[in-house]
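Novice: Heads up, here are the entries from TrEMBL:
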| type | residues | note |
| --- | --- | --- |
| ACT_SITE | E286 | active site, 5-glutamyl coenzyme A thioester intermediate |
| BINDING | N376, G380, K400 | CoA binding site |
| DOMAIN | 9-212 | domain 'Acetyl-CoA hydrolase/transferase N-terminal' |
| DOMAIN | 317-461 | domain 'Acetyl-CoA hydrolase/transferase C-terminal' |
Amino acid sequence: MKPSYCLLTADEAAECIEHGNMVVFSGFTPAGAPKVLPGAIAKRAMAHHQQQKEFQIRLLTGASISALADDELAAADAVTWRAPYQTASLLREKINQGAVSFVDLHLSEVAQMVNYGFFGDIDVAVIEASAITADGKVYLTSGIGNSPIFLHKAKKIIIELNHYHSPRVAELADIVLLGAPPRRNTLPIFHALDKVGQPYVQIDPAKVVGIVNTELPDASNSLDRVNPLCEKIADNVVNFLLNELTLGRIPAEFLPLQSGVGNINNAVMKRLGENPDIPPFMMYSEVLQESVVPLLETEKVLGVSASSLTISPTALKKIYDNMDFFANRIVLRPQEISNHPEIIRRLGVIALNVGLEFDIYGHANSTHVAGTELVNGIGGSADFERNAYLSIFMAPSIVKGGKVSTIVPMCTHVDHSEHSVKVIVTEQGVADLRGLSPLQRASAIINHCAHPSYRDYLHQYLALAKGGHLHHDLAQAFRLHQNLFEFGSMLAP
């Protein structure tokens, strides 16, 4: 290590951050995110507030970070602006109260927005690394995210040197930065595991103001529990894909999959792994979730391209202990590459994501309950759904014990339009929307995806609605939601 790199405690490093700074964190989900600086920044904020001094930062990340870290900063009133994604309950509460400004972004677009300065200058980058060399080569850890562009654009850099990670984690990384349009080079990625870059990020060593040593695992959890409802949805997805194989609309060698995280996606991956008629397949995704690790071991999944290893410490240790096996089967990329529309389209990715609410014409809401209350954010789902060969959305047909239908006449908020959503799957069945007119889509969604207790209402709405190409009754479009607010259930007593 270069002698001029200054070793700091977390509290000392936090003193490099001032009120009003734009601060960026490494990682993508808790994977690769800073472990000790968030708490030290929160502590610094509270100390300032006790002295009646201002201290709040603007915080930009790759995706979410540890919910504990986000909530720690929120509890300290240390953040005034946050982007592009979060999963923390207290921070979410402050966002919905208007106490924190939140910008919900497509994850593939963040790096370019940083490069062009749309968020202003990057004052301080806090980046977790497994190693840093004297000449400024930074080797990242289990999550790449936006760290490459953050390191290039930041005025000052704080490195969390995390000795928990295997030095061999660098073998997974493929770091490349896109140039500026209109002369941006193409990316020769024709296979999920193609590598086109370097295993490190090259920086100016003079920008590093300090190194903080840590030895802590990522705050990622193990598998969400899979229940019979999730398994039924998964069965419907797998049967649909098998039918596409039979019809020749998916090639015999299959197509790369993208899968979000959560219990429904884990159930789908489990069912895909168990079904002997599904051939071994590749994944081109934004996260490698825990349910994929055993499928890699059995070689049902042949390889995974992602931006992070969003897995438990136990699963991560398994990968680190068996790098001779996993190193040639996993590639970790910056999120502007893992979520790159051109590559997703070129590879013919099948995208599998979960939504909150769908309307009868195929629009999807994946971010805001009742159109107002933010849950997490759009994340990378639209990067894949808009560009995938097959864009599949999944959800239970009802939630809250049947008090809420996920199929409604009109979405209260639209993240994914009817032009992107090709297939909707619930435990009730599958609505294949390809090639259907709006009224045909409505019939398919109501008959195949809506819960039986809501089908009569939805059919009646459609029959009474007026219009041209689409039929709506604007006076009644949100009646189900109004019933929920008034009576506690979408179906009025």
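Any Cβ shown, glycine's included, is placed from N, Cα and C.
Annotations in TrEMBL come from automatic prediction, not curation.
Given the structure is predicted, the values throughout are model-derived calculations rather than measurements.
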Novice: Which residue counts does DSSP yield for the domain 'Acetyl-CoA hydrolase/transferase C-terminal' (317-461) in the helix, strand and coil classes, in that order?
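Specialist: Reading the DSSP string over the domain 'Acetyl-CoA hydrolase/transferase C-terminal' (317-461) gives 49 helix, 38 strand, 58 coil.
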Novice: With Cβ-Cβ distance below 8 Å and at least 6 positions apart along the chain, what are the contacts of N376 (CoA binding site)? List them in sequence order.
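Specialist: Residues satisfying the criterion: S64, Y85, Q86, T87, R92, T367.
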Novice: Looking only at C-alpha atoms, tell me how far K400 (CoA binding site) is from the residue listed as 'active site, 5-glutamyl coenzyme A thioester intermediate', rounded to the nearest Å.
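Specialist: One finds 30 Å between the Cα atoms of these residues.
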Novice: Quick one: Cα separation, G380 (CoA binding site) versus E286 (active site, 5-glutamyl coenzyme A thioester intermediate), in Å?
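Specialist: So the alpha carbons of G380 (CoA binding site) and E286 (active site, 5-glutamyl coenzyme A thioester intermediate) sit roughly 7 Å from each other.
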Novice: Please list, in sequence order, the residues in the chain of the residue listed as 'active site, 5-glutamyl coenzyme A thioester intermediate' that are at least six apart in sequence and whose C-beta is under 8 Å away from its C-beta.
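Specialist: Non-local contacts for the residue listed as 'active site, 5-glutamyl coenzyme A thioester intermediate': F28, A63, L107, Q258, A306, S307, S308, Q335, S338, N339, G379, G380, D383, F384.
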Novice: Including all protein chains shown, what's the count of other C-beta atoms within 10 A of the C-beta of G380 (CoA binding site)?
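Specialist: If we count other Cβ atoms within 10 Å of G380 (CoA binding site), we arrive at 27.
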Novice: Is it possible to get the count of other C-beta atoms within 10 angstroms of the C-beta of K400 (CoA binding site)?
Specialist: 11
Novice: With the CoA site defined by the record as N376, G380, K400, how many Å span the farthest pair of C-alpha atoms?
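Specialist: Looking at N376, G380, K400 as a set, their Cα atoms extend up to 26 Å apart.
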Novice: Can you tell me the mean pLDDT for the domain 'Acetyl-CoA hydrolase/transferase N-terminal' (9-212)?
Specialist: 97
